[in-house]
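Features reported for this protein in TrEMBL:
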ACT_SITE  His209  active site, proton acceptor
BINDING   Gly40, Ala41, Ala42, Gly43, Gly44, Ile45, Gly46, Asp66, Asn126, Ile149, Ser150, Asn151, Met260  NAD(+) binding site
BINDING   Arg113, Arg119, Asn151, Arg185  substrate binding site
DOMAIN    35-177  domain 'Lactate/malate dehydrogenase N-terminal'
DOMAIN    179-342  domain 'Lactate/malate dehydrogenase C-terminal'
Amino acid sequence: MVNPTLLQSLRSAVGRGSSHLARRGYSTDAVPERKVAILGAAGGIGQPLSMLMKLNPHVSSLSLYDIAGTPGVAADISHVSTKSEVAGYQGEDELGKALEGSDVVLIPAGVPRKPGMTRDDLFNINAGIVKSLCIAIAKYCPNALVNVISNPVNSTVPIAAEVFKKAGVYDERKLFGVTTLDVVRAKTFYAGKAKVPPAEVNVPVVGGHAGITILPLFSQTSPKANLGDDDIKALTKRTQDGGTEVVEAKAGKGSATLSMAYAGALFADACLKGLNGVSDVVVCSFVQSNVTELPFFASKVRLGKNGVEEAIGLGPLSDYEQQGLDSLKSELKASIEKGINFANKS
C-alpha cells in the first residue's frame, strides 16, 4: 500500500532547507533528473498538487500546463525553496513544450463534480479533455508514465489507452488511473473507527473509482481491529461515498480537491520511486489487468523502472467483499466500454 514517506520528504524540504536535503542524499547528484508535467495545473486539484510536487525531492523539473492562469501559478510556486525548476505553459500552442521530456505526466484537468452530479455526468466534458491531452502525450512524451486523475477514471483511463493504441505508443505498464484517494479515505475512516494512527493502517481498495465499483478490502486490513459486520458495511459505504460527502459539504462550491491533490502526490511519488529503482513499491491503481475478466481493474500493483511490474491478485475475500465484487462488475464493465466507444467514435 501507499507508504506516507512523501510527508517525511515534505517536512525535510520545508523545515530544514535545501542544504540539509543535500546532506540527506536528496541532491541532484543522488537521484536521477526527473521531469513531471501537470496538465490542469491552475485548477482546484492542480494548484495544491503542483505545490506538493514542488516539495518532492525526486522532481528536478516541474512543468505546469493549463488553458489559462498557469504563468501566475508557476511564478508563485517557483519561489518555494526546493531544488526543482518550475515552468508555466498556457494554451494549446504551448502544450508540446510543457510535455517534452516528461518522465511522469499527471492529469487533473477537467471540470469538478457539483451537487447532484455523478461521475458519469462529467463524462462528456472530461472525456474530450483527456482524449486531446493524451493525443499530445503520445506525440511529445510517449514513454512517460501517465497518471489519470480526471473523472470518471473508470472511463478516462480506457480512453487514454485507445488514444495511445491509435498512435502506436501504448504500453499498458505506463498508464494508471489514480485511485489513491479511495485508499486514503479507507485508511482514515478505518483508523478513526479502530482508534489507531492512520499512518499505520494498510487497506487495499480494488475495483474502480466510482460508487459501488470502489471496494475496500477491510478483511485484509493491517493492523487488524475487531470491528463488527455493521461497522465494516458502514465504512465501505462511507469510502464509496467519500466524494459525495465532500461535494455536499462544500455546498456547490467545489469537490474533493485538497485530499485528491494529496492522494495524487502520493501516487506520483510512488511512480518516481519505481522509476528510480526503489524496490517493492506497491500501490493500488486502476490499470489494464488480468486480475479479473475485465480489461481494466484497480488492485495492488508493484511498480518498477518501466511502470507496472506486476498486478497482484485480490487474495482471500470475505463473503461481503465477494458479493461487492460480483455486484460492481457490470457497472465497471459498462464504464470501460463507454470510454472505449468514445475514443473510437472519431
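Glycine too: its Cβ is placed from the backbone N, Cα and C atoms.
Predicted automatically and left uncurated, TrEMBL annotations should be read as such.
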Compare all C-alpha positions of Gly40, Ala41, Ala42, Gly43, Gly44, Ile45, Gly46, Asp66, Asn126, Ile149, Ser150, Asn151, Met260, the record's NAD(+) binders, and send over the largest distance in angstrom.
18
Using the alpha carbons only, what distance in Å do you get between the residue listed as 'active site, proton acceptor' and Gly44 (NAD(+) binding site) once rounded?
19
Here the binding-site residues are Gly40, Gly44, Gly46; the one whose Cβ sees the most other Cβ atoms within 10 Å is Gly46
Any idea which of the recorded positions Arg185, His209 has the thinnest Cβ neighbourhood at 10 Å?
Arg185
Can you name the binding-site residues among Gly44, Gly46, Asn126, Met260 whose CA is within 10 A of the CA of Asn151 (substrate binding site)?
Asn126
Which ones in the same chain are close to Ser150 (NAD(+) binding site), with CB under 8 Å and 6+ residues apart in sequence?
Gly40, Ile107, Pro108, Ala109, Gly110, Asn126, Ile129, Val130, Thr156
As a test of reading the model: what is the averaged pLDDT for the domain 'Lactate/malate dehydrogenase N-terminal' (35-177)?
95
Its residues classified by DSSP, the domain 'Lactate/malate dehydrogenase N-terminal' (35-177) shows 66 helix, 28 strand, 49 coil
Quick one: pull the CA-CA distance for Gly46 (NAD(+) binding site) versus Arg185 (substrate binding site), whole Å only.
20
Cβ density check for Ala42 (NAD(+) binding site), other Cβ within 10 Å (all protein chains) comes to 22
